[in-house]
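Noted in Swiss-Prot for the protein shown:
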- Cys88: active site (ACT_SITE)
- Leu191, Gly229, Gly230, Pro231: substrate binding site (BINDING)
Amino acid sequence: LKENPNMCAYKAPSLDAREDMMIREVPRVGKEAATKAIKEWGQPMSKITHLIFCTTSGVALPGVDYELIVLLGLDPSVKRYMMYHQGCFAGGTVLRLAKDLAENNKDARVLIVCSENTAVTFRGPSETDMDSLVGQALFADGAAAIIIGSDPVPEVENPLFEIVSTDQKLVPNSHGAIGGLLREVGLTFYLNKSVPDIISQNINDALSKAFDPLGISDYNSIFWIAHPGGPAILDQVEQKVNLKPEKMNATRDVLSNYGNMSSACVFFIMDLMRKKSLEEGLKTTGEGLDWGVLFGFGPGLTIETVVLRSVAI
């Protein structure tokens with residue numbers, strides 16, 4: 001920041017400096033997350049067939065996905081999918097895409113990497129732009145990686161969760177609720193104060209569509225991995241669905257300790273949940289429960305819904 005004082009000003013031209021940072025740092029931190037995931041997976045990198053890379057931070061050609069392949073030393077025949085500027089719902093999007101790839105390509109192993117860095121949005125405050133100030137308080141840096149596949153090899157691959165179904169919905173009459181624009185000053189964004197209301201008013205429809213086919217209507221009987229857009233969103237969702245406060249413990253812990261890391265958040269929550277479930281001697285990775293939901297909320301306004309099934313510990 002000392003070398004780039006325009007980034008500390010309010011809306012001073014600074015895109016070149018921001019992009020130079022992002023193009024370098026996003027794949028570097030993504031590599032750290034991917035290396036951890038691959039080590040826990042325990043299989044050779046040569047078995048990775050697809051890469052999905054997601055970021056709202058920095059745009060380049062041939063892309064930060066390409067840079068990650070070089071950094072990791074992945075096979076050049078790995079099929080890559082780059083997702084730029086999707087925002088906070090994209091943790092659900094990458095799972096939806098990975099599920100389709102894994103189920104429709106024999107022996108596929110899909111490496112997902114979400115790497116987010118707030119240098120693209122960081123700027124000084126202004127009394128005339130509370131959206132920016134709220135964002136500076138909520139958003140944070142983070143990277144996460146996970147490997148998705150069908151038909152795990154017995155006694156070799158140890159699944160953590162199963163993706164059962166996925167869905168995406170553009171909420172009617174919500175245009176302009178959340179959005180962003182890449183400008184000379186970096187990525188600017190806007191957050192309508194009605195966002196918590198919009199999400200809470202549509203959460204029951206998303207839950208019904210996902211769980212009615214399974215005969216589940218008690219949403220306290222499932223585990224929750226909800227993107228922590230902010231405390232107000234979590235509060236209103238809890239109230240609307242009559243959730244017990246502890247259902248959002250993992251989500252609130254991640255928001256409190258790490259902040260809103262956009263697409264990477266849900267994977268931090270998933271990781272925390274499965275580790276605490278093991279530490280507490282519960283019977284499954286999902287707080288001892290069988291079924292769960294993963295929600296992504298973001299620009300559009302878009303809701304991603306993923307039905308998960310836990311794995312016995």
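Glycine residues also receive a Cβ, built from the backbone N, Cα and C atoms like all the rest.
Keep in mind that this is a model prediction, so the values were computed, not measured.
In this structure, the C-alpha atom of Leu191 (substrate binding site) lies 12 angstrom from that of the residue listed as 'active site'. In this structure, the recorded positions under consideration are Cys88, Leu191, and the one with the smallest number of other Cβ atoms within 10 Å of its Cβ is Leu191. Taking the mean position of the Cβ atoms of Leu191, Gly229, Gly230, Pro231 as the substrate site, the remaining residues of that chain whose Cβ falls within 8 Å of it are Val134, Leu138, Val195, Pro196, Pro228, Ala232, Ile233, Asn260. Each of the binding-site residues Gly229, Gly230, Pro231 was scored by the other Cβ atoms within 10 Å of its Cβ; the lowest score goes to Pro231. Distance from the CA of Cys88 (active site) to the CA of Pro231 (substrate binding site) is 15 Å. DSSP classifies Pro231 (substrate binding site) as helix under the three-state reduction. The residue listed as 'active site' sits 7 Å from Gly229 (substrate binding site), counting Cα to Cα.
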